[in-house]
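This report refers to the structure that appears directly beneath it.
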Amino acid sequence: MAVSKTTMLIVLVAIILSCVSISNARQMQRPQNVECVGGECQPKHPQQYFGSCFRDSDCRNSCFPYCRYQKCHHHECICSLCSSEVAPSPK
């Protein structure tokens, strides 16, 4: 019985370590053609928060509306494919 408990403990630790390494690997990935992510994004207007989100629709206030790609990834807004040609003029 002691051998099976030890084996189960080793398997459990291995599973936890693999989950942690997979999670870290996902956080290191970055989509291509991304101009800025989350806290790296400078505010574009006074009410902008620095990209925290829970779903894609939360990024509407963090990305300029002319950014075609506005996604929530690991609770950070990703704004990309922004064409400066259609950027609003500063007031």
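Positions of Cβ are set from backbone N, Cα and C atoms, glycine also.
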### From Cys53, Cys63, Cys82, partner that Swiss-Prot gives for the disulfide involving Cys72
Cys53
### Task
Choose one of Cys36, Cys41, Cys59: the cysteine that Swiss-Prot connects to Cys77 by a disulfide bond.
Cys59
### Task
Give the residue from the disulfide-bonded residues Cys53, Cys63, Cys72, Cys77, Cys79 that has the most other Cβ atoms within 10 Å of its Cβ, counting over every protein chain displayed.
Cys77
### Task
Can you figure out which of Cys53, Cys59, Cys63, Cys72 (the disulfide-bonded residues) comes closest in space to Cys82 (disulfide bond), comparing Cα atoms?
Cys63
#### Entry: CB contacts for Cys82 (disulfide bond) [other CB atoms within 10 A, all chains]
19
